[in-house]
Amino acid sequence: MINVLTYYFKNIYFPLLLVQLGLQESQSQHCSFFYWIKAASREKLADPALENYFNAHADAVNALDFNADGNQLATVGKDGFLKVWNLKAQTRCYTYPDPKPAVYSVRFSADGRLIAYSSNNDIIFRTPTVKSKSRSFRAHQSTVRSIDFTNAINHHLVSCANDKTIKIWQIDDVREQFFYSLRGHHNWVRCIRFSPDAKLLVSASDDCTVKIWDSLSRRCVHSFSDNESAVLWAEFHPQSFYVASGGIDKTVRIWDLRMLRLIQVFKEHFSPVTGVSFHPSGSYLASTSLDSTVKIYDLGEGRVTYTLHGHKAGVSCGQFDHRGDLLSTGDLSGKILMWKVNFTLQPSPSSVSPIRNSLADRIRGHPYQPTGHHERRRFVPSDDVAAAGTACQHCEQALQAVPKDLKKTLSDILQQLSLLTETVSLLEKRLSRNEKKVQEVLETTRRNGGKS
């Protein structure tokens with residue numbers, strides 16, 4: 001089945017399409033159609049490089065967050081301190097004088113005027129200034145593990161805790177108002193995040209599940225249970241189409257929310273994965289691990305492109321800034337490393353397939369039922385980058401001349417091909433199961449001396 005489809009697309013469909021685009025057949029022999037689409041928006045990029053480092057905390061760095069402008073970095077640690085680092089030259093950090101017990105999470109509000117962080121059962125608020133005053137409230141019945149603000153200016157906050165609950169809050173300059181709780185996890189909830197449009201939430205838990213919640217209907221719309229152990233972190237793709245997670249099983253997993261299934265498993269770390277962060281372009285993903293490394297994945301090629309060494313202790317957290325220029329990582333010894341990543345902000349075509357309805361609506365009424373059997377595959381098939389070379393320059397010129405209606409057609413083709421690939425994958429699995437049953441019957445017949 002696969003061979004038939006491969007022959008059709010390679011030898012019949014794509015050559016006709018390339019003729020429509022004005023490309024020579026000889027050019028198409030050097031780069032696949034998919035790599036041509038990706039290469040058209042790709043620039044030559046410099047390798048990530050260490051730009052700065054801070055001896056930030058006396059104990060493990062538990063969390064960090066950039067403000068929207070990228071000129072401040074907030075860090076919290078096991079030593080109980082909140083510190084705000086001003087990233088402009090010749091400015092000092094703010095260290096607030098009222099240390100708490102271990103602080104597990106920190107987030108800036110969308111406008112940067114407010115910082116929220118959690119310690120024990122409480123959530124504390126401050127403004128990121130020298131002489132700011134704090135206010136706090138009791139949020140949960142046990143340790144608050146993670147918090148997040150919506151991207152909207154109005155301050156909606158979500159929190160999760162060891163009490164297995166998720167809570168939504170309305171925050172203003174004077175007080176906080178409780179909205180509602182989400183229940184469904186059976187163990188500690190380690191991480192909670194809003195989607196960029198705030199219609200969905202994703203939670204990661206010690207019960208080995210990643211759950212997707214609808215903030216409008218206030219219910220769990222899907223639960224991914226393919227993890228083999230506790231999940232420590234989960235994060236939305238910038239366009240909300242995917243969720244990435246990492247955990248105790250040392251893997252990074254990527255889930256497609258349109259098909260509600262696991263589409264990628266990276267087994268690159270040798271110790272638990274403590275965090276994942278999408279680059280704002282959506283083309284790259286960073287993961288941090290207790291093996292003291294940071295890995296950066298090219299999602300278009302489905303592989304690790306960089307492994308960053310520099311930490312001498314397990315890496316406990318990491319995040320790209322909102323402009324996509326910097327990656328900040330913290331470790332168990334209290335150090336913060338700042339990496340210049342040099343990635344383009346232009347999204348790769350693999351992350352921009354058209355979705356006509358909102359993602360939340362699609363999930364609420366999605367007809368697909370997951371099979372529970374998943375396989376590793378790439379986001380977008382591609383040939384070897386080095387072999388693409390000169391031909392992709394011709395492809396890039398041709399792409400600039402493609403009419404808008406044809407570009408839309410290409411996007412639709414990519415989406416249809418993705419669904420077709422999923423269908424073929426399911427057919428392969430069914431065929432494999434049938435072959436196994438036939439082999440079992442033949443083996444039984446052989447053992448019985450040919451008697452049926």
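Cβ atoms are placed via backbone N, Cα and C, with glycine included.
TrEMBL lists 54-95, 137-172, 182-223, 224-265, 266-307, 308-342 with the feature repeat 'WD'.
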Stretch of maximal Cβ-Cβ contact with the repeat 'WD' (54-95) [cut-off: under 8 Å; candidates 137-172, 224-265, 266-307, 308-342]:
308-342
To the repeat 'WD' (137-172), which of 182-223, 224-265, 266-307, 308-342 is linked by the most Cβ pairs under 8 Å?
182-223
Report the mean pLDDT of the predicted model across the repeat 'WD' (54-95), rounded to a whole number.
91
In the same chain, who gets a Cβ under 8 Å from the repeat 'WD' (308-342) while lying at least 6 residues past its ends?
45-66, 68-70, 73, 75, 77, 79, 85, 87, 271, 274-275, 277-281, 284, 286-296
Counting by DSSP, what is the helix, strand and coil composition of the repeat 'WD' (224-265)?
0 helix, 23 strand, 19 coil
